[in-house]
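Here's the structure, in structure tokens; my notes come after.
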Amino acid sequence: MLVELSLLKADPLLAIILIGGSIYIIILLMYLSFQMLRLLFKR
Amino acid sequence: MERITTIQLFTLIMIFEIGSTTLFAQGIGADRDAWIVILISYVIGLGLIWVFTQIPKYYPNKNFSEILTTTLGAKIAKPLLLLFGLYFLSQALHNFYEFGMLINMTALSKTPLLVILYLFIIVIIYILSLGVEVLARTAEILLPYLLLFLIITFIVNFFSETFELDNLLPVLGNGLKPVLAEVYDVVAFPFGEMVVFLMFWHYVNKPALIRKTTFLAVSLATILIMMNLIVMLAVLGPELTANTEIPLLETLLSINIANIITNLDSVAVFIMFFGGFFKTAIHFMGFCLAITWLFNGNKPEWCITIFGLLFPLMAIYRFSGIDDQRWKGSEGGIYSILLFSALPILLLIIIFLKKKNASKKEDTHVS
């Protein structure tokens, strides 16, 4: 693991940022692939 | 609406980039080749900054919240804005606590930390509640002094007996591997931290010049950071530079020119204070703007005052000491910076695809 669990426990703000940021990376990647598909299949 | 000139943007970015980097020996894991780490990271950092400055080109005069809402829709944009706000808050707390603590350690050792932090934040609240324009003008006034002090530091060190340029040799003695291992750290700090300026681009009076100004400011700041590192390595050597709490201070304390020019620690405190002040203020303003936009407001003064007064308490609650702060900063903080500087890359690709989709739609309508 890149970040130790003890660090996330010791710093809740950092934990929120890191977990939230990671979730958003996934959401944006999904959004991005959706946009790409739209671009590919739309005439 | 408030506006800042490109010169003011230049000064803000310069102070922000120099900011706390003068305190650390960036990329010191690569030993005497730390300055090469800065050089490589600068090239990658320019790519990141290109992304940050490309977003306002698609939406000139729109603030970051409006850009997010237009691109992703309110449901996805609002939580993302809150996350960005929390990230700015986290960075502001790091800088705030670190500089408060360093001033406590170096200049005001008998003053309680909370008093220093409150004095620090009252000035920040005052300046920020007057607006971004006032912050930018303050930077415009203070940057020449900061540069003057930094350059004096370099010159005085150069003529000092302790200056040994041989400390930097051999170049790449351990190969490229340790240099490359340090790169991601330096890309994040200070180049990735530039992500906070996404909150300020819409204030610039000439949006067309944002990229040029930013590249110029970052390039000049990088030269200064590199010179600073070379001076530290030449005076202290790689081992001492890596193990000293504040290398800049040690470097200045070691200066002795003919027993006349000595004890220049006040210069280091000056450099530290202004760097820390602006880094904290810019991140804190980023947080307050994000919270204000989240509630569709346009006056961040209330947020600045309320959170500002709670700020020192939050900093003391979050960090138990300088070691704790540095542990949290170096272990987790770097990842948070990398994460939040990667988000705009995805955002930019989405904007690009959406624009392309829209233009394709128009083409089919015309034909």
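Glycine is no exception: its Cβ is also placed from the backbone N, Cα and C atoms.
Annotated features in TrEMBL:
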TRANSMEM  B:7-28  transmembrane segment
TRANSMEM  B:34-55  transmembrane segment
TRANSMEM  B:76-93  transmembrane segment
TRANSMEM  B:113-135  transmembrane segment
TRANSMEM  B:142-163  transmembrane segment
TRANSMEM  B:183-203  transmembrane segment
TRANSMEM  B:215-236  transmembrane segment
TRANSMEM  B:267-295  transmembrane segment
TRANSMEM  B:302-320  transmembrane segment
TRANSMEM  B:332-353  transmembrane segment
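A contact links the transmembrane segment (B:267-295) to the transmembrane segment (B:142-163), because at least 3 Cβ pairs that are 6 or more residues apart lie under 8 A. Counted over residue pairs separated by six or more positions, the transmembrane segment (B:142-163) shares at least 3 Cβ pairs under 8 angstroms with the transmembrane segment (B:215-236), which defines the two as touching. Residues 64-65, 68-69, 193, 196, 199, 279-280, 283-284, 286-287, 290-291, 293-294, 307, 311, 314-315, 318-319, 333, 336-337, 340, 343 of the same chain sit 6 or more residues outside the transmembrane segment (B:76-93) yet have a Cβ under 8 Å from a Cβ within it. Taking residue pairs at least 6 apart in sequence, the transmembrane segment (B:332-353) and the transmembrane segment (B:215-236) share fewer than three C-beta contacts under 8 angstroms. The transmembrane segment (B:332-353) is not in contact with the transmembrane segment (B:7-28), judged by fewer than 3 CB-CB distances under 8 Å for residue pairs 6 or more apart in sequence. Packing against the transmembrane segment (B:113-135) from elsewhere in the chain are residues 2-4, 8, 12, 96-97, 99-101, 103-104, 200, 203, 277-278, 280-282, 284-285, 288, 300-301, 304-305, 308-309, 311-312, 315-316: each is 6 or more residues past its ends and has a CB under 8 Å from a CB in it.
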